[in-house]
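Below is one structure, written out as structure tokens, with a few remarks after it.
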Amino acid sequence: MPVTVLITGVAGFRNYKGAPDNYGVKSDGDYQKIIHIIQYVLTCFITGIGLPMTPLTIYAFYSRVVAPIYVINLLISNLIQLCCMFIWVAQPGNMKIYDTVSYIYYFGVNASLCFMLCVSLERYLVISSPQWYRFKRTIKISVHVCLLVWAFCLVWELLMIHRYWNVKECMSAVLLFLPLLLFIFFLCGTLKALSASRAPSDEKRRAVCVLVMVLLIYAVLFIPSVVWCTNDDSILIKVSIIILRFSPLADLLLYFFMRKGIADRPLASICCIREDSNDISGSPV
């Protein structure tokens, strides 16, 4: 996926020092050091929480009667990212190890984005085509889709490593906006199909919340990487990379919205408040 445009920003951060001035203004080098410290501390925080919590969440999903295969693979891709962050925190002295880990990390990022699309598509089909989803969806098809996603991400990374396919950064930015259109389409299509759907009301609420959550994760954590990495400002590149590293923690919230009984009451309360406000606004004066 086009997310690999960030590799150039990760694999070789420019450690330059800005020219000092006579007015007490911090140079670019000073800002680089501050951001590097913030990046290190936040990465330790993310790995400290994500590494123990992600396997537990995978086990919790796997132990269900019907395991959400796409969500489990999404969490596995996040686990790959967290392991790479742990190696970065250890600060390996060999630059080849650092570069290799960077490619593996973005292999996990690309897979995470693809499985986010799979989760959104699955939630969309649950509401828009519940009969087709129940009778046509099989574990075999889901496993094949997951294998295709992993294979696609692996091939993409190999192409980027050997540079057989030169993609300009501006083109990569355009391509990375395409998933945003798909996320919006799945959410709007689900909202449009809610009234005609025969799915249970609690399942409808969970599906909508998952779609909204995935869209927010992509818009807040992924889009800045595209906007800021299309320029040469290394400080903005580092900030975008720091933001992107929070995606494994954000994906853990999907367990809260997909687990029956945990979020049903809060979501039902929100829906009741919305319905009451609609009744008040629609009542004649």
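Placement of Cβ uses the backbone N, Cα and C atoms for every residue, glycine included.
TrEMBL lists 37-62 (among others) with the feature transmembrane segment.
Marked as domain 'G-protein coupled receptors family 1 profile' by TrEMBL: 48-227.
Positions annotated as transmembrane segment by TrEMBL: 69-91 (among others).
According to TrEMBL, the feature transmembrane segment maps to 103-121 (among others).
Annotation comment: TrEMBL describes 141-161 (among others) as transmembrane segment.
Taken from TrEMBL, the feature transmembrane segment covers 173-195 (among others).
Annotation source TrEMBL lists transmembrane segment at 207-228 (among others). Nonlocal intrachain contacts for the transmembrane segment (207-228), taken as residues 6+ away from its ends with a CB within less than 8 angstroms of a stretch CB, comprise 2-3, 5-6, 113, 116, 119-120, 123-124, 126-127, 172-173, 176-177, 179-180, 183-184, 186-187, 190-191, 194, 199, 236-237, 239-241, 243-244, 246-247, 250-251, 253-254, 257-258, 263, 267.
Sequence annotations record features per position, and here TrEMBL assigns transmembrane segment to 234-257 (among others).
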Could you tell me the mean pLDDT the prediction assigns to the domain 'G-protein coupled receptors family 1 profile' (48-227)?
85
Checking 69-91, 103-121, 173-195 against the transmembrane segment (234-257) for Cβ pairs under 8 Å, the most are found for 69-91
